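Okay, structure first, notes after.
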Amino acid sequence: MQQDKVNLLGLNQKAIEDFFISIGEKKFHARQVFKWIHKKGVIDFDAMTDLGKNLRHKLKEKAQITIPKVVFSKASKDGTHKWLIDVGGSAVETVFIPEEGRGTLCVSSQVGCTLNCSFCSTGKQGFNRNLSAAEVIAQLWIAARTLSKTDGEHDFTVTNIVMMGMGEPLMNFENVVPAMDIMMDDLAYGLSRRKVTLSTSGVVPRIYDLLEQSGVSLAVSLHAPNDMLRNEIVPINKKYNIDELLEACKLYAQKGPHKHITFEYTLMEEVNDNLSDAEELVALLKSREVPAKINLIPFNPYPGTPYKKPSNNRIHRFKEFLQHNGFVTTVRKTRGDDIDAACGQLAGDVMDKTNRKQRYLKKLGDTNAN
């Protein structure tokens with residue numbers, strides 16, 4: 001029985017070294033291949049010119065470097081890029097957002113999501129499966145290859161990663177952490193821990209694990225100033241409440257790379273955007289002594305949602321109150337609306353479990369027909 005070939009794409013440096021030792025080869029050859037894949041973007045063993053012929057032949061027998069297919073990609077007039085990537089009959093989306101002096105890649109970790117936050121379009125798809133480490137890092141590999149040129153107006157260079165795409169990354173810990181290891185490896189993409197941010201809805205035990213095993217920057221999707229409201233819109237709060245979450249955040253801020261936690265707060269009209277909500281949020285964060293920056297995200301409506309985007313006046317009032325009380329506060333700019341890439345639209349068409357594959361196959365067929 002033929003043994004399945006190992007996909008080297010998702011192996012971090014230690015794992016690829018272990019693989020090479022298992023096939024009777026030396027560690028330094030593993031580092032050579034690792035660098036070819038991620039630093040140089042080469043996935044053909046025969047093109048790895050510093051490897052001997054016998055080693056290249058052995059690798060072709062025992063290993064492969066498999067990149068998922070891009071079903072389609074779109075570029076917005078504001079420079080935002082979005083890719084729909086085939087992951088074995090389903091699809092995930094990856095978004096690149098260029099800004100002055102930086103380029104941020106938003107990476108997905110699951111097909112769908114397990115957490116079912118009431119306002120999130122991805123949650124309406126239901127949950128299919130976790131992505132493999134190879135499927136996670138492939139999103140950066142694809143983006144880095146695609147964005148290696150400049151169009152004269154935008155500088156398309158990935159300088160920052162945010163694990164804020166489809167899915168809850170801490171529910172796919174075993175695959176996300178090795179992928180982030182590759183992102184931060186100097187032989188690969190060389191990003192610092194400060195430049196890789198994982199966003200979680202509050203899987204508290206895994207926050208402690210993340211601090212111990214990775215220590216990347218942490219963002220927390222808070223969205224509510226009290227347990228009653230958060231139980232309703234972020235259901236995982238029923239398992240790990242705000243007190244438990246903020247206790248973990250306080251420790252992470254003490255030992256993590258930024259010495260603060262970024263709290264994301266999606267503003268929904270007459271749900272959590274009242275001045276009383278802002279007052280409660282300030283009191284909460286001050287009483288728990290969590291060093292915090294706050295990123296306000298105006299809700300982006302999608303078909304079938306009951307929630308609405310607040311007026312600019314309400315958004316400004318909320319922001320001003322937080323700033324007046326000493327919190328560094330930003331309002332996320334809406335980007336990529338013309339390609340459905342803005343935050344809250346990562347699911348594109350809202351797909352549930354029953355029609356996700358049919359719509360995916362239709363898009364694949366339409367793409368192949370063009």
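Cβ from N, Cα, C; glycine included.
The active site, proton acceptor feature in Swiss-Prot is assigned to Glu93.
The annotation active site, S-methylcysteine intermediate is assigned in Swiss-Prot to Cys343.
The annotation [4Fe-4S] cluster binding site is assigned in Swiss-Prot to Cys113, Cys117, Cys120 on the grounds of sequence analysis. Taking a C-beta cut-off of under 8 Å and a sequence gap of six or more, Cys113 ([4Fe-4S] cluster binding site) has these contacts in its own chain: Cys120, Thr122, Gly123, Gln125, Phe127, Met166, Gly167, Glu168.
Sequence annotations record features per position, and here Swiss-Prot assigns S-adenosyl-L-methionine binding site to Gly167, Glu168, Ser199, Ser221, Leu222, His223, Asn300 based on sequence analysis. The Cβ of Ser199 (S-adenosyl-L-methionine binding site) lies under 8 Å from the Cβ of Val162, Met163, Met164, Pro169, Ala219, Val220, Ser221, Glu264, each of which sits 6+ residues away along the same chain.
The feature disulfide bond is assigned by Swiss-Prot to Cys106-Cys343, with sequence analysis given as support. For Cys106 (disulfide bond), the number of other Cβ atoms no farther than 10 Å from its own Cβ, over all displayed protein chains, is 24.
Checking the binding-site residues (Cys117, Leu222, His223, Asn300) against Glu93 (active site, proton acceptor) with a 10 Å Cα-Cα cut-off leaves nothing.
If you measure from the Cα atom of Leu222 (S-adenosyl-L-methionine binding site) to that of Cys106 (disulfide bond), you get 19 Å. Across the binding-site residues listed here (Cys117, Cys120, Leu222), the residue whose Cβ sits among the most other Cβ atoms within 10 Å is Leu222.
Neighbour density at the Cβ, taken as the number of other Cβ atoms within 10 Å, is lowest among the binding-site residues Ser221, Asn300 for Asn300. According to DSSP, Ser221 (S-adenosyl-L-methionine binding site) is assigned to a strand segment. There are 27 other CB atoms within 10 A of the CB of Glu168 (S-adenosyl-L-methionine binding site), with all protein chains counted. Spacing of His223 (S-adenosyl-L-methionine binding site) relative to Cys117 ([4Fe-4S] cluster binding site) is 10 Å (Cα to Cα, whole number).
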